[in-house]
């Protein structure tokens with residue numbers, strides 16, 4: 001008999017893995033997702049100006065991972081909207097958060113102790129989605145398994161630029177691939193673990209992996225939300241490993257990065273253009289005027 005199966009922890013993990021996520025955990029997932037949408041600058045004004053655009057953005061926040069996974073697998077991006085119960089539940093959450101009288105619903109769900117419970121419940125859904133995505137792509141090879149699991153866990157963040165376009169915002173510098181947040185990185189690492197488990201390279205049952213990785217995600221996200229921290233717990237390991245395998249950032253790149261992000265501090269004092277370039281520009285203007293006069 002295997003040791004995990006002989007321990008109560010193994011039975012707990014098995015029961016946890018079969019725990020249904022609809023409707024309670026999905027409800028928490030929708031609440032936190034729409035809360036993050038409301039935190040975006042201009043989201044409240046957009047909901048008054050264009051409720052339909054606001055609703056579309058909310059649906060992307062709630063179902064973006066399913067939409068992106070369906071696109072990768074060659075299925076209709078509207079496939080998940082056939083789950084009428086989920087769409088109605090997410091729509092009700094969107095309406096209550098944005099349009100409830102006196103903001104009562106928003107004030108209740110954004111109250112920190114209650115919000116932390118919802119954040120923990122959302123991570124339960126995230127890990128289940130990662131496991132389901134990897135399992136869905138099991139017969140298509142490693143890359144498909146990892147791609148499907150990753151977008152199932154962080155599809156909302158990966159589609160953030162498209163969601164910004166719906167809100168009339170274009171900020172390509174916020175590309176999630178270039179600047180991965182903790183949930184995106186954690187989903188990627190979790191996808192790797194579940195892929196190794198599915199291919200029998202990781203000697204652990206799927207139920208145990210779901211349980212332990214969910215506990216890890218809950219602890220990290222609850223702590224980060226409670227302390228308003230954006231620091232990734234992976235940073236110390238990445239700072240040690242990445243320079244060894246991928247090299248360190250050169251001084252030229254570092255200075256360029258510094259100048260790019262520090263440009264906003266020097267907007268009021270732009271460097272003057274070279275005198276020669278200005279003279280050439282004036283000379284070209286005079287020539288064009290002379291040609292028009294002729």
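Even glycines carry a Cβ here, placed using N, Cα and C.
A TrEMBL annotation is a machine prediction, not a hand-curated record.
Model, not experiment: these values are computed from the prediction.
For the transmembrane segment (12-32), same-chain residues at least 6 beyond its ends with a Cβ under 8 Å from one of its own Cβ atoms are 4, 62, 85-86, 89-90, 93-94, 97, 109, 115, 117-119, 121-122, 124-126, 128, 205-208, 210-212, 214. TrEMBL lists 12-32 (among others) with the feature transmembrane segment.
The transmembrane segment feature in TrEMBL is assigned to 52-73 (among others).
Under the heading transmembrane segment, TrEMBL lists 80-98 (among others).
Sequence-distant contacts of the transmembrane segment (201-224) (same chain, six or more residues past either end, CB-CB distance under 8 Å): 4, 10, 12-14, 16-18, 116, 119-120, 122-124, 126-128, 131, 182-183, 186, 190, 193-194, 230-231, 233. The transmembrane segment annotation in TrEMBL covers 201-224 (among others).
Residues or ranges marked as region 'Disordered' by TrEMBL: 255-294.
The feature compositional bias 'Basic and acidic residues' is assigned by TrEMBL to 276-285.
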